[in-house]
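Enquirer: So that we are looking at the same thing, I have put the structure below in structure tokens.
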Amino acid sequence: MHPLSLQAGAAGPALPDRRRSGPLGGQGVTRSARPWGPIGIFDSGIGGLSVLQALRAELPQQDFIYIADSGHAPYGERDDAFVTARSRALTQYLLGQEIQALVIACNTATAAAIDLLRAEHPHLPIIGVEPALKPAAVLSKTKRIGVMATRGTLASARFRTLLGTLSTQAEFVLQPCDGLAEAIEQAAGWPESAPELIAACSIHTRAMGRFGLKDGEMDTLVLGCTHYPFASEILRALLGPDVHLVDTGVPVARQTRLRLLAADSPVTKRVGQIKLFTTGEPAVLQTAAQRWLQLDSTAAPLHV
């Protein structure tokens, strides 16, 4: 798998047709956000737990509903129509739970569906995630930055626009990481799968080139999928202690807090509750939540 070495703003491959379609069809049902309701979060799988972790730290008094759409993963290798249809279906379910805000904890779903969801639900604060290219450009001294992400994210018009805004600031080496999110999911539920995860991380980082602090080397790596922070220990061991690893969890949590303040969401001193749902295997989500977030919540199956 060869990375795409691009000076930000350089011409890339032709973009896919981004017209939205899917089995839900037409416009979604618009509902107003409920100021005292939970914050809804969804991801293609367990990766969005990295965002939930940051949200809990930033907003400990809030209730959260987290959906892992593992039964329909991976999103990163699907077309826009499929990802948009799943995003709309999950959003409709969460609206039925009277959420006050929605966090799309998936780079691929953000790129494919956030504009449509915002148009369909103008009164609902919707916060998405995108690869943290801007913070990486500030951190990097060598001005060569690696970006690990799914093919869907890297091919999206939203990502290409973001890349173009940084054309004078850095060179980005883009690596489509086929299978990495799935390897992280496997390792979360079955620790014996860890060797496969280490091998996948090694293959993708080697394909990008040299990391380090010398001229021409990449001194910063953007983790452009919410699954990837859960492989950060492996990546750190492969790349060394001097390479910056940059993800989006904390910025998304701060943006969510600001959006809730702007919407006059009530602030209390209570400790929020967390509900976990999955369209896949509940044991995998529950094990990951216990292992990475020290959550005792029981994961329930969801058929959406």
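Every residue gets a Cβ built from N, Cα and C, even glycine.
Owing to the predicted nature of the structure, the values given are computational and were not obtained by experimental measurement.
Copying in the features that TrEMBL gives for the protein in this structure:
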REGION    1-31  region 'Disordered'
BINDING   Asp43, Ser44, Tyr75, Gly76, Asn107, Thr108, Thr226, His227  substrate binding site
ACT_SITE  Cys106  active site, proton donor/acceptor
ACT_SITE  Cys225  active site, proton donor/acceptor
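Set these features in their place in the structure for me.
Expert: With a cut-off of 8 Å between CB atoms and residues at least 6 apart in sequence, the same chain places Ser44, Thr108, Ala149, Thr150, Arg151, Gly152, Thr153, Asp178, Ala181, Cys225 near Gly76 (substrate binding site), listed in sequence order.
Cβ-based neighbour count (10 Å, all protein chains) for Cys106 (active site, proton donor/acceptor) stands at 35.
Mapped onto three states, the DSSP output places Cys225 (active site, proton donor/acceptor) in coil.
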Enquirer: Using a 10 Å radius around each Cβ and counting other Cβ atoms from all shown chains, which of the binding-site residues Ser44, Asn107, Thr108, Thr226 yields the largest count?
Expert: Ser44
Enquirer: Quick one: pull the CA-CA distance for Thr226 (substrate binding site) versus Cys106 (active site, proton donor/acceptor), whole Å only.
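Expert: Thr226 (substrate binding site) to Cys106 (active site, proton donor/acceptor), Cα-Cα distance: 6 Å.
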Enquirer: Return only the integer: C-alpha distance in Å from Asp43 (substrate binding site) to Cys106 (active site, proton donor/acceptor).
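Expert: Roughly 5 Å, rounded to the nearest whole number.
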